[in-house]
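TrEMBL lists 33-67, 68-102, 103-137, 138-172, 173-207, 208-242, 243-277 with the feature repeat 'PPR'.
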Amino acid sequence: MYGTVMNGLSKRGHTQKTISLLWLMEQGNNKPDIYIYNIVIDDLCKDSNLDGAINLLNEMKQKNILSDIVTYSSLIDGLCKLGQWEKVKTLFSEMVNLNIYPNVNTFTMVIDGLCKKGKVEDAEEVMKHMVEKGVEPNIITYNAIMDGYCLRGQVDRARRIFDIMIDKCIEPDIISYNILINGYCKKKKVAKAMQLLGEISERGSKPNTVTYDTILQGLFEVGRTGDAKRVYAEMLSAGPKPNICTHSTMLNGYFRCSKFSEMENFMKEMADRSFSFDASTAGILVNTVRDNPFILDTIPELHSKNKYFEKQFELAYTTKLPMFLHIRAAA
């Protein structure tokens, strides 16, 4: 019973309550086992309270409660996120001495942590080490290294990892493609990103909203508004359904490229299709109206077709009332 309750509390982020229940168990007859300790240790690690988690591990040792791969994986993941690599090495050695051998998830945690800190070459060394130990990297491992290189702007190295993965008969998933597409778009290599978009369908997979939103933003960044409109039309016809982020990307893209007529047409299209508006959409519109008062002519039509947008725009309107009064006077 305690385990079920504590697991539920853990999923809701109630670390202090799980600690309190652990203390109650320790004081009573129903002594906590490894499963219970793992729940609390994982909670402490997620809260970045590594000192508390390690103290609990030491308490387990004193009570002769054997730790397992779950215990060490939680601790290693927490330490990686804090960049405490020496402690990670110590825990790895401790695991092996206890005949607890790191699995692909444990290695991938370290690799992902290194990549997020910009230590991608070190991450590749860890991957070589895991292969030497007979543990094969999986799609999550490769994605972590690809993302690490893209974060450093080294998209060509990320592509090399992508190709190695395919050579090893590991099929890339949509996350793999999205990582590379984002990397290419940030380097303004939109043509290569578009090639990957086509490759997704050729391999029998489907782009998601993140894929399309990234491509759209990349196209607007290089001023290819016509291609962005075409890709958006493809999204409408083939799926997935555009969301708030997509709409904001389109509106912001037209705004940044000074394509105000296209922006006005797009807003009317959104209203006709009953697409939703939100605060960020209204915010983009506020910025546009500041320099382009003619957009105000579109507002009544949008109001009549989307009440939520009306509320959001009025909120933005009232917070910038002096600016709008000036605009209306000038118009």
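In case you wondered, yes, glycine gets a Cβ from its N, Cα and C as well.
A Cβ distance under 8 Å defines the sequence-distant neighbours of the repeat 'PPR' (138-172), meaning residues of its chain 6+ beyond its ends; these are 104, 107-108, 111-112, 114-116, 118, 120, 123-124, 127, 179-180, 182-184, 186-187, 189, 203. Per-residue pLDDT, averaged along the repeat 'PPR' (243-277), amounts to 83 for this model.
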